[in-house]
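A short worksheet on the structure shown next.
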Amino acid sequence: MSTATDSGSRIDVRRVLRGAALPALLFTIWWAVFHFGWTDSVMFVPISKVWETAVRLSATGELWRSLGASLARDLAGFALGSTIGFGVGIALGLSRLLENLVGPTLHTIKQISLFAWIPLISVWFGLGDTAKVVFLSLAAFFPVVLNTFEGIRSVPRELIEVGRVFALTPAQMLRRVVLPAALPSIFNGVHLALIYAWLATLGAEYLLTSGIGIGNLLTDGREHLWMDQVLLGIVIVGFVGFTLNLIANHIEGRLLRWRGTSTGQY
Amino acid sequence: MSSLTIALPSIGEKQPARLLRWNDGLTRFALSWPFPLAVLLIWYVAAEYEWLPPQILPPPSMVASTFIDLVRTGELPENLWISMWRVLAGFAAGGLGGLALGVLMGLSPTAKDYLYPTFRLIAQVPSIGWLPLLMMLVGIGEALKIILISKAAFVPIALNTYKGLQGVSTRFIEVARVYRFTRWQLLSKVVFPAALPQVWNGIRYGLTHAWLALVAVELLASSEGLGFMIVYGRQLYQLDVVLAAVVVVGAIGFALDKILALIEQRLLRWRTDGF
């Protein structure tokens, strides 16, 4: 999205105002509900209360402990799952025999909705961090393995032939020709894995309830009917997802810079 | 790894291409069996010699007989039906809403200016992030499931529809101008067909996400459905029930995906006919 910063350094005020109209309307309604006392339901808390909760929880450190625990889990599972996925994806991409042997099974297992694994994992690995990291690895594994495989398979034939002409060794061929050509697809998989791992972190924390984390903060808030804490949790979940996405986009942009700008416009 | 030959489609110069493809398919089919069979064998041996207690790993035969029992008693079909109904209702509601929003934002820059930032804000939080909030607002009834599944389907469909319409090449539109198409002709003959592949992509993602959300919500807040069967079996340490239900979850996911792929083949046939 380089075009946005090049030509759009002058912010279009009208568009920003239009974009803010709907949120402003919703916030006004939220505010008015309290100001005029239209409801006394415990479900509705004033906006100020959410802020107070944020300040209180960050002062006691609970917020940071939860966030730290969730992020540590998220990254551990993501790293483990995507590394294994990368290895398996390369193996499947390079060997047609392996692809035929393992590919169909992998494609079938992939169809099992991610969260259905949690009860099984809880029996096999308990409710602690091990189980959560195993589940997160599973979530990160599938997008990486499939995209790595597809990336390698769609390396243009001409590139391989050029490599042959230069009499590259298999290791050179892999490192200099195959992997760079497959990189966009591989990165796509890693990016998806990052999104799925965060989704799975929440799911694991809801369902494997031992320990702390943002998911536990949310569950806790719901059980005690603390709407302020639930809303705060949702904002944090969104913010973390957004930040992870931003980091991935940034790294992707840097890593794939050699491809030139032509693809960046789509 | 003796030599690094990227497996490329073999060029059948000697044999007729069709026969070669058929042969290829047969080989692929034959090769797809050893691996799952080996896993099944290890599972069987591990359970037979009780390397792991049956509460942790029930033998495959037990899972199979449990599966048959669950079908015969009607427990499985009943829960399956409930889950299917939920996912289809939620997917239909969320999908139609997503298409409507996507078309609106794709065709009208003004509507896009007003709606897109808020849409992105909502989309930033994964579906199951909304679950505790929704549980507080609407309880754990049927409404919760439908709303959550709708949200899961809504986001990818709205986003892909919008991007698909945005991405229609201006060259196509210029050609249509040359032919003096009316606005409706332009939309129905040029813009919508050109955007269809990406819109369809969104629909496939939407269905996958809806199925994912269904299982999550049924695991967390339900007293019937496939997800509930899994939780229930887990609580009673009946892993045979859990595994049977997990297999069904996989089979349904597989079937839903296949159905959409088949429709896609028909719907987008014109794309390949040109070549």
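Note: Cβ is positioned from N, Cα and C throughout, glycine not excepted.
From a predicted model like this one, the values you see are computed outputs, not experimental measurements.
Annotation comment: TrEMBL describes A:20-38 (among others) as transmembrane segment.
If you look up TrEMBL, you'll see A:67-248 marked as domain 'ABC transmembrane type-1'.
Per TrEMBL, the feature transmembrane segment maps to A:75-97 (among others).
Residues 134-135, 138-139, 142, 146, 196, 199-200, 203-204, 207-210 of the same chain, all 6+ positions outside the transmembrane segment (A:109-127), place their C-beta atoms under 8 angstroms from a C-beta of that stretch. Per TrEMBL, transmembrane segment is recorded for A:109-127 (among others).
Through the fold, the transmembrane segment (A:133-156) approaches residues 73-74, 76-78, 80-82, 84-86, 88-90, 92-94, 99, 103, 106, 110, 114, 117-118, 121, 125, 177-178, 181-186, 188-190, 192-194, 196-197, 199-201, 203-204, 208 of its own chain, all at least 6 residues removed from its boundaries and within a Cβ separation under 8 Å. For A:133-156 (among others), the entry in TrEMBL reads transmembrane segment.
Non-local neighbours of the transmembrane segment (A:177-199) in the same chain are 74, 77-78, 81-82, 85-86, 89, 93-94, 114, 136, 139-148, 150-152, 154-156, 159-160, 162-163, 168, 240-241, 244-245, 248-249, 252, 255-256, 259, 263; each lies 6+ residues outside the stretch with a CB under 8 Å from one of its CB atoms. Residues annotated as transmembrane segment in TrEMBL: A:177-199 (among others).
Feature annotation from TrEMBL assigns transmembrane segment to A:230-248 (among others).
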